[in-house]
Amino acid sequence: MNKQAATEKLVAVDIGNTSVNIGIFEGEQLLANWHLGSVAQRMADEYASLLLGLLQHAGIQAGELNRVIMCSVVPPLTTTFEEVFKTYFKATPLVVGAGIKSGVKIRMDNPREVGADRIVNAAAARVLYPGACIIVDMGTATTFDTLSESGEYIGGAIAPGIATSAQAIVEKTSKLPKIEIIHPAKAIGSNTVSAMQSGVYFGYIGLVEELVRRIQAELGQKARVVATGGYASLIAEGSRIFDIVRSDLTLQGLRFIYQMNKV
């Protein structure tokens, strides 16, 4: 392998409803990882300025980054980031969608309904954790994605995210305050805020654990449970349901898919 090939870098971009997760890979190594807010009104020039500043701080040259892969659940931001990379990096991103090889067979009523982020997570789990697997991605929504023993995507569940639930209870009531989402020391709250924090945190754990148990029962076997997403580490503090916590699962899936589709 020549020196140029050995130092090629890949930009992996996961565009979610709340944040944009950007990772820079050199081979298998994740060199840098940043999160930017998902703001549909933000212009490509603004995102480019933020990204270029982060790259400079990390000592990474923009000219090194001509390989880009993205998955997105926010169509307006897909267009924005395509413009960012075409204009400032002279790169045309590979966008995960129809016609892109993922290595995952989707056994759903309508495979096109499955979000790109869920396919990417499945692609990562299939490579990293072969066999039956339940992926719990805890973000704006909480998704439960199930892989069979043979690595086929067979469906899952979608529930509100913990922050979404906390926001809803504030918006739908007159007197309940906004709270910080934490791991409370006990379930019995001694005031309104601590009672809300208990209900949101431990109630959410109950939701996650019950859905995982039901999926396990329907599978008829013990599947490996992998947690990812912005709240994975916090929730794992209060639950033993997870076998693995992998915050970079989606970025790793993007890397695998890029390798499958590169010319």
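Here the Cβ of each residue, glycine as well, is placed from N, Cα and C on the backbone.
In Swiss-Prot, the ATP site is described by ASP14, ILE15, GLY16, ASN17, THR18, SER19, VAL20, ASN21, and among THR92, THR140, THR142, THR143 the residue recorded at this site is THR140. Sorting the binding-site residues GLY16, GLY115 by the number of other Cβ atoms within 10 Å puts GLY16 first.
The Cα atom of THR18 (ATP binding site) lies nearest to that of ASP137, taking the binding-site residues GLY115, ALA116, ASP137, THR192 as the candidates. Distance between Cα atoms for ALA116 (substrate binding site) and THR140 (ATP binding site): 15 Å, as a whole number.
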